[in-house]
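Per Swiss-Prot, active site, proton acceptor is recorded for Y156. Sequence annotations record features per position, and here Swiss-Prot assigns NADP(+) binding site to 10-38, D66, K160. Annotated substrate binding site per Swiss-Prot: S143, in sequence order. According to Swiss-Prot, the feature phosphoserine maps to S135. The region 'Disordered' annotation in Swiss-Prot covers 291-328.
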Amino acid sequence: MARTVVLITGCSSGIGLHLAVRLASDPSQSFKVYATLRDLKTQGRLWEAARALACPPGSLETLQLDVRDSKSVAAARERVTEGRVDVLVCNAGLGLLGPLEALGEDAVASVLDVNVVGTVRMLQAFLPDMKRRGSGRVLVTGSVGGLMGLPFNDVYCASKFALEGLCESLAVLLLPFGVHLSLIECGPVHTAFMEKVLGSPEEVLDRTDIHTFHRFYQYLAHSKQVFREAAQNPEEVAEVFLTALRAPKPTLRYFTTERFLPLLRMRLDDPSGSNYVTAMHREVFGDVPAKAEAGAEAGGGAGPGAEDEAGRGAVGDPELGDPPAAPQ
């Protein structure tokens, strides 16, 4: 029986690494996994994990693939010896944290290129063959930051919101082609993601006003607390990917945690967005500015009990490690 061929981007660490070895070591021995990395010099941890799980010979291969480079994507596709990819996992991503005015133009461009355009490049490379064959699955690493805005994650959230629109639009089209696309919506995850977050807190004060600077460090403290309380292990998240992969009738979205669903329901229940904005501000910063309170009284803002509905500690950065320490 032919094995299911899976290609995963972003496998040097975190979710990509753990998903790759989870599939390669599956007792069914039904998967052939191509774990791709931007730099093959970083594959050591992947192979250590593969040995620890006793992945059978031939179940796992590594390929160089940089989602920022169409030629690199095409070259990786050509090195898949089976001549097809049954399951494509778009997992590579970058983060960017800080006040918007403090972010460099190159850093902003990098996040959008990797998170959005990089995913488009992968889909352009692999979807046509899936459509021709009338079968295939695409799993995209989504985020609660793609479903609700998080302060100081403006560009990161913008990139993940873009993925939501991209994937939802494609899912509508792909129904008659026999190709299923699912977003795996992650909350905080114990990974090295923060090491890849572009932007240094030490540079923030020179690029923003003192009030925003103060709010930024309020956010960092809050984020660290949420991470301690709510972060999942990548192994746990990998199981959600496996659930989506094996589902007879996959849905568009799978959530790795239910912790953020009350806030998401709040957004849906109030299309104006006022309730969510006020509740999120209160949740992160512990206060509601007078202007926001006045707006709520005028009609539609978050009233008493909105904080309880959202749930304390229900806000955090998707796939973030401990926030950087405040400069001394």
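Yeah, the Cβs are placed from backbone N, Cα and C, and that goes for glycine too.
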Just jot down the residues in the same chain as S30 (NADP(+) binding site), at least 6 apart in sequence, with C-beta under 8 A of its C-beta; none if empty.
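Result: M1, R3, T4.
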Which residues does G10 (NADP(+) binding site) neighbour through Cβ under 8 Å, counting only same-chain ones at least six apart?
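Same-chain residues close to G10 (NADP(+) binding site) (Cβ under 8 Å, separated by 6 or more) are G16, T36, L37, N91, A92, G93, T141.
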Rank aside, I only need the closest one: which of the recorded positions S135, S143, Y156 has its C-alpha nearest to that of G14 (NADP(+) binding site)?
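If we rank S135, S143, Y156 by Cα distance to G14 (NADP(+) binding site), first place goes to S143.
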Within 10 Å of each Cβ, count the other Cβ atoms and name the one among the recorded positions S135, S143 with the highest count.
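Result of the Cβ crowding comparison: S143.
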Do you know which of the binding-site residues H18, R22, R38 has the most other C-beta atoms within 10 angstroms of its C-beta?
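Answer returned by the neighbour count: H18.
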To the nearest Å, how far is the Cα of S143 (substrate binding site) from the Cα of the residue listed as 'active site, proton acceptor'?
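Rounded to the nearest whole number, the Cα-Cα distance is 10 Å.
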Given the recorded positions D26, Y34, R38, Y156, state which is nearest to S135 (phosphoserine) when distance is taken between Cα atoms.
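Checked the recorded positions D26, Y34, R38, Y156; minimum Cα distance to S135 (phosphoserine) goes to Y34.
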